[in-house]
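Enquirer: Would you mind keeping the following structure in view while I ask a few things?
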Amino acid sequence: MSNSNAIANGVAGAGGGIIAQIITYPLQTVNTRQQTERIAKKGVFESQRKASSGSSSNTLVQIIQVIKTEGWGGLYSGLKPSLFGTAASQGIYYYFYQLFKNKAEAIALARKHKGRGDGTLGIFSWLLVAALAGSLNVLLTIPIWVLVTRMQTHTQAERKIMEGKKEALMREASESSSGSTLHEKLAQLDSIKPRPYGTWHAACEVYSEAGVTGFWKGIIPTLIMVCNPSIQFMIYESSLKHLRAKRAAGKLGLKSVSALEVFLLGALAKLGATVSTYPLLVVKSRLQAKQEIGGNISLRYSGTIDAIIKMIRYEGFPGFYKGMSTKIVQSVFAASVLFMVKEELVKAYTKLAVKSQKLLSNCQWYHHAALCKRIAALKTEGWCTFFS
């Protein structure tokens, strides 16, 4: 039964994650671009600050800009691998989370029988269960998210590369004083059409840059970020447990929790987790994105420690919280939808399982009654009637 429960939670988690991902994906795309945008502090790399001054930090304005320059497709860059990644991540996470949770609860009950504890899981147990499930999820699915980040920031990287080429042409023209040639070369650059960039192109690009290890870029901050779902599920499970206990202690003795209440609990849980781990998310996104986005060589990173040091040195601590307001809205809404859909799917599965069990019991009762009738016939009419 516990394995069946784990499978149900895995499938429900995958379904809820896909729906939440489709609804909030435009916010996720804009947020990834906000995180990977690198603007140095005042007085540092002034030319880059001027080049980046035209970009707005307002989420709604950025969404409109993407629609104008790239169309609606720009907001959904990398959606296909993202949906696959969401289904895989949520399915793997919930499956292992439920398995480890069942094991932890069994250990807690065994300890209770030995006179140790009250049979319930403490905060440390919740954190450990979520951390184990999260670590397995990260190790198995991070290559998918590297490709998604590349696809979401591809236009941004190409724009930076183009700006670098134009600056180089302008410097060259100022040294040689050939204005007409400059206009021709700039017009030639502007006439270059963007190349198609899909999942396969992103995979080839990552492999050509760093080989197989490139698909695990940002693994260190991502593994540390396992504490995000740990905190999230600790808050969610504790709040849900408290609410159910409070409901059960009421006059009506109801333990059922409504979809709206699950939605609000999910929002609260994700809000607390996001605020505490956001800097790691920024570092991860910057490592996974194409390093040309940095423009200046000093704003390109070779690893996690290098990224943290350069961000502190050239951008200051505010750089670690770029786009956090967008992420909070996206994450809280996505988590709320995910939990609500997951709980409803699990409820539907439970009801279906109960009905199936009753149907099976009825069938067994029917066959048992038929067998009893045959045996009664045997006693009165003999063996021939029984085998007829």
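Using the three backbone atoms N, Cα and C, a Cβ is placed for every residue, glycine included.
TrEMBL lists these features:
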REPEAT    4-103  repeat 'Solcar'
REPEAT    121-242  repeat 'Solcar'
TRANSMEM  121-146  transmembrane segment
REPEAT    257-348  repeat 'Solcar'
Enquirer: Quick test of the contact rule: Cβ under 8 Å, at least six residues beyond the ends. What residues does that give for the transmembrane segment (121-146)?
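Expert: Cβ under 8 Å, 6 or more out: 81-82, 84-85, 88-89, 92-94, 96-97, 100-101, 104-105, 108, 206, 214-219, 222-223, 225-234, 237-238, 288.
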Enquirer: Could you pull the average pLDDT for the repeat 'Solcar' (4-103)?
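Expert: Summarising the repeat 'Solcar' (4-103) by its mean pLDDT gives 80.
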